[in-house]
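Quick notes on the structure that follows.
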Amino acid sequence: MKYTKREKALILLADGTIFYGKSIGKKGTAFGEVCFNTGTTGYQEIFTDPSYFGQLMVTTNAHIGNYGTLTEEVESNSVKIAGLICKNFSFNYSRVGADDSLENFFEKHNVMAISDVDTRALVSYIRDNGAMNAVISTEVDNIDDLKSQLAKVPDMKGLELASKVSTKEPYFYGDENAKYKIAALDIGIKTNILRNLAKRDSYIKVFPYNTTFEEMSAWNPDGYFLSNGPGDPEPLAEAQAVAKEIIKRDLPLFGICLGHQVIALANGISTYKMHHGHRGINHPVKNLITGKGEITSQNHGFAINREETERHPDIEITHVHLNDHTVAGIKMKSKNCFSVQYHPEASPGPHDSSYLFDQFIENIKRN
Ligand SMILES: NC(=O)CC[C@H](N)C(=O)O
């Protein structure tokens with residue numbers, strides 16, 4: 001343990017509620033939307049998932065840090081969460097193959113984290129009162145000041161964040177001699193999506209969030225992919241324009257999470273902010289085409305409007321979330337296009353849904 005002196009810290013919610021804990025190392029203040037993830041493993045993947053940009057993450061697992069970190073177990077090149085709130089933080093770690101402690105990993109990435117918080121009470125509070133903005137801070141004596149700073153933090157609803165995490169320049173992933181060429185729009189892409197596509201004989205060119213369809217199609221791809229990512233899908237006008245062009249030409253298209261929401265918006269279906277969202281690795285989903293259930297990895301705070309989806313003449317609901325019956329997947333009846341609200345790439349989470357990547361490759365072959 002490097003930090004012998006752990007400061008008193010707090011989490012202040014936008015409605016004025018306060019929980020106390022202790023800082024892990026870094027002193028200071030961090031703002032974001034507070035949300036919780038119920039996954040029991042996979043913290044390093046969660047912390048580096050670009051979909052979580054701007055969010056203060058409460059982990060419900062009682063121990064965080066106990067299996068350390070491993071350089072390649074990242075979903076992007078930096079920590080994307082705004083800060084961590086946990087119960088017990090392990091300064092010691094134990095795992096064959098781990099190459100560093102989470103404490104060092106956070107120090108390297110300059111992340112603020114607090115532990116010793118009554119996370120069970122905090123999670124029930126968020127579940128009852130909804131996701132909201134919050135601040136974590138070691139400035140425990142300046143609550144009025146924190147309150148006024150917190151009031152200036154923009155709401156997640158309406159917030160465009162894809163531009164903050166997207167690549168600045170196009171890049172390639174995989175083997176250039178692979179059979180299929182896939183153009184991926186990076187609105188916050190997780191690396192395990194690229195790994196899953198490359199594993200299926202694909203070479204991927206990843207484009208920045210504001211690329212046009214013409215720029216993407218100039219590479220002559222066999223299929224198109226719209227990624228996951230942070231923030232509200234509604235302001236993503238450029239990505240919606242790309243989706244419309246791909247759909248108009250009936251080219252193979254697959255979208256995950258934010259990409260799924262963008263495809264819905266491109267079809268005139270609205271999205272809405274959920275009460276506290278779905279974040280975990282054991283969410284039950286039913287595939288309405290096969291009748292089979294799958295246990296899925298999920299991470300979203302917005303969803304697509306169910307009634308509008310049901311009314312849409314060219315859209316079929318293919319997957320439903322079994323806890324709250326929200327739409328978990330769609331396909332277009334007359335187009336080579338489908339998408340899911342959850343994460344078939346897992347990382348973390350079960351692999352029940354990896355067949356969706358095979359389905360995408362089949363759609364490309366058929367084309
Ligand atoms: N994982 C994602 O792509 C999340 C999509 C979107 N930011 C949401 O919260 O709903």
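Sequential numbering from 1, following the chain as shown.
Cβ from N, Cα, C; glycine included.
Caution: TrEMBL annotation is automatic and unverified by curators.
The annotation active site, nucleophile is assigned in TrEMBL to Cys257. The annotation active site is assigned in TrEMBL to His343, Glu345. As annotated by TrEMBL, L-glutamine binding site applies to Ser51, Gly229, Gly231, Leu258, Gln261, Asn299, Gly301, Phe302. The domain 'Carbamoyl-phosphate synthase small subunit N-terminal' annotation in TrEMBL covers 7-137. Sequence annotations record features per position, and here TrEMBL assigns region 'CPSase' to 1-180.
Sequence features annotated in TrEMBL and their locations in the structure.
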{"residue": "Ser51", "record": "L-glutamine binding site", "Cβ neighbours (10 Å)": "30"}
{"residue": "Gly229", "record": "L-glutamine binding site", "Cβ neighbours (10 Å)": "31"}
{"residue": "Gly231", "record": "L-glutamine binding site", "Cβ neighbours (10 Å)": "27"}
{"residue": "Cys257", "record": "active site, nucleophile", "Cβ neighbours (10 Å)": "28"}
{"residue": "Leu258", "record": "L-glutamine binding site", "Cβ neighbours (10 Å)": "30"}
{"residue": "Gln261", "record": "L-glutamine binding site", "Cβ neighbours (10 Å)": "30"}
{"residue": "Asn299", "record": "L-glutamine binding site", "Cβ neighbours (10 Å)": "28"}
{"residue": "Gly301", "record": "L-glutamine binding site", "Cβ neighbours (10 Å)": "23"}
{"residue": "Phe302", "record": "L-glutamine binding site", "Cβ neighbours (10 Å)": "19"}
{"residue": "Glu345", "record": "active site", "Cβ neighbours (10 Å)": "25"}
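Checking the recorded positions Gly231, Leu258, His343, Glu345 against ligand 1, the ones whose Cβ sits under 6 Å from it are Gly231, Leu258. Classification of Phe302 (L-glutamine binding site) by DSSP places it within a strand. DSSP classifies Gln261 (L-glutamine binding site) as helix under the three-state reduction.
Of the recorded residues, Leu258 (L-glutamine binding site) and His343 (active site) place their C-alpha atoms 10 Å from one another. DSSP assigns Gly231 (L-glutamine binding site) to a strand. Cβ proximity to the L-glutamine site centre (mean Cβ of Ser51, Gly229, Gly231, Leu258, Gln261, Asn299, Gly301, Phe302, cutoff 8 Å) flags the following additional same-chain residues: Gly188, Asn228, Pro230, Asp232, Pro233, Cys257, His300. If you take the Cα of Gln261 (L-glutamine binding site) and the Cα of Glu345 (active site), they are about 17 angstrom apart, rounded to a whole number.
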